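Novice: Please find one structure pasted underneath; my questions will follow.
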Amino acid sequence: MTTPASLWRHRDFRQLWTAESISQVGTQITYLAMPVLAVTVLHATAFEMGVLTALETIAFLVIGLPAGAWVDRWRRKRVLVVNDLIRAVALASLPVAWYLDLLTLPQLFVVATITGAATVFFDVAWQSYLPTLVDPEQVVDGNGKLMASQEVARVAGPGITGVLLRFLGAPLLIAFDALSFLLSALFIGRIRHTDTVPDRAARRPLRVEIAEGLGFVVRHPLLRRIVACTGTANLFNTMSGTLLVLFALRTLGLSESELGFVLSAGAVGGILGAVTGARFARRVGEGRAIPLSALLLLPFAALTPLAAYAAPALLLVVGMLGYGWAVVAYNITQVSFRQRLCPPNLLGRMNASVRFIVYGTQPLGALLGGVLGSWLGVLPTLWIAAAGQALSALWVVTSPLMRMRELPRSLDATSSHAEPIAG
């Protein structure tokens, strides 16, 4: 068997890993630079920030389900390169318009929509491309290496971005992000592996393939509870995240570099969750690990609005650190459960269906955050978001998961744990 270390000698994998790593660093720049651009250059209101965040994520709701089936019908390498180039051109238009004094919020909204849609296709394509690029026994190691680079980017990206924002400003940083996608496309283009396209005659109607994946998720009692919990938590987390930049810069008076440090704390918590999440699940039991980690979201989510009353930077850092740990600990167990449970021929469509549901709530959360932030104020909306994240845990706390130490490892094993759930 090939050892995991041999992947670094795998030329095509190195190209994919380098491209994804560069793209992730650039994406982290945009996550912070685009909202800062809206607040500091275009003077966006709370409602406008909600619209911006909604447009960044609306693609999951609109094309999330068919994207997986479409990608399976196209050459994945071509999908990766084309969507990198789309993001590069769209983002490059922002600093050009700023330099010409033509930058407007509608343009920012359009760019957010385009880059969001391209990201949906890119993410689905690379996750499907990796198993065709490396040997079967190398897939887990390959995923690990790609995920590790993502977490490093999440840790370093916001902190570095916060410092660079002070010296360069948001428009120039977005120009660097556009360049990162060009570099990513260049490295993917160097991959020699030629992927094949399924025979057109073997294809079934798109709606049939989509319905199979969505039906698997909706009909399974435990999986349905987990997806409902995740989707609800994402809705209220997006409400909070939509207003975070506005809250930190205007309400708390933090600097842009301090905001970058706060966001980095969430990524550090995520890395700690990745290191200790499996041990946590073994200690409390796989089944109970899901609802218990969901319950931990409440105290850490509440630290964001509490930062308005004392020690703002400290409370935000602790809140982001703990929240990042709880989210990753939750995801490690529930994602592994999904992968073990689902038949291999349904895995791609099942994952696309889950992403459609759990990320599809984000545009609604963004709009709710913007509307309530304008109507009630930023701080009351953050308290509502924290309470909503606490309520999301009820989906799994009131399920059989709280009584299960081991999770089912096949569909047959689930029958003894199944419960009727309305809808």
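Including glycine, each Cβ sits where the backbone N, Cα and C put it.
Just so you know, TrEMBL annotations never went through curation; they're auto-generated.
Feature table excerpt (TrEMBL):
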DOMAIN    173-423  domain 'Major facilitator superfamily (MFS) profile'
TRANSMEM  21-44  transmembrane segment
TRANSMEM  50-71  transmembrane segment
TRANSMEM  167-188  transmembrane segment
TRANSMEM  226-247  transmembrane segment
TRANSMEM  259-277  transmembrane segment
TRANSMEM  289-308  transmembrane segment
TRANSMEM  314-333  transmembrane segment
TRANSMEM  354-376  transmembrane segment
TRANSMEM  382-402  transmembrane segment
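Burial and contacts for the listed features, if you can.
Specialist: Same-chain residues lying 6+ beyond the ends of the transmembrane segment (21-44) with a Cβ under 8 Å from its Cβ atoms: 52-53, 56, 84, 91, 94, 98, 103-105, 108, 112, 115, 119, 122, 149-150, 152-154, 156-158, 161-162, 165, 170-171, 173-174, 176-181, 183-184, 187, 245-246, 249-250, 256, 259-260, 263.
Long-range neighbours of the transmembrane segment (167-188) within the same chain, counting only residues 6 or more positions beyond its ends whose Cβ lies under 8 Å from a Cβ of the stretch, are 15-16, 18-20, 22-23, 25-27, 29-30, 33-34, 36-37, 40-41, 77, 80-81, 84-85, 87-89, 91-92, 94-95, 98-99, 103, 161.
If one looks beyond the transmembrane segment (226-247) by at least 6 residues along the same chain, the residues whose Cβ comes under 8 Å of a Cβ in the stretch are 32, 35-36, 39, 44, 46, 49-50, 53, 57, 217, 259, 290, 294, 297, 301, 304, 308, 334, 337-338, 354, 357-362, 364-366, 368-370, 372-373, 378-379, 381-382, 384-389, 391-393, 395-396, 401.
Sequence-distant contacts of the transmembrane segment (289-308) (same chain, six or more residues past either end, CB-CB distance under 8 Å): 226, 229, 233, 236-237, 240, 244, 247, 251-252, 277, 280-281, 315-316, 318-323, 325-327, 329-330, 333-334, 337, 379, 382-383, 385-386, 389-390, 392-393, 396-397, 399, 401-402.
Cβ atoms under 8 Å from those of the transmembrane segment (314-333) belong to residues 248, 252, 254, 261-263, 265-274, 276-278, 280-281, 286, 289-290, 293-294, 296-297, 299-304, 306-307, 407 of the same chain, restricted to positions at least 6 beyond its ends.
Outside the transmembrane segment (354-376), and at least 6 residues removed from its termini, the chain residues within Cβ reach (under 8 Å) are 45-58, 60-61, 64-65, 214, 217, 227, 230-232, 234-243, 246, 338, 384-385.
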Novice: Take the transmembrane segment (382-402) and find every residue of the same chain, 6 or more past its ends, with a Cβ under 8 Å from one of its Cβ atoms.
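Specialist: Residues 222, 225-226, 228-230, 232-233, 235-237, 239-240, 243, 247, 287-288, 290-291, 294-295, 297-298, 301-302, 304-305, 369, 372, 376, 417, 419 contact the transmembrane segment (382-402) from elsewhere in the chain.
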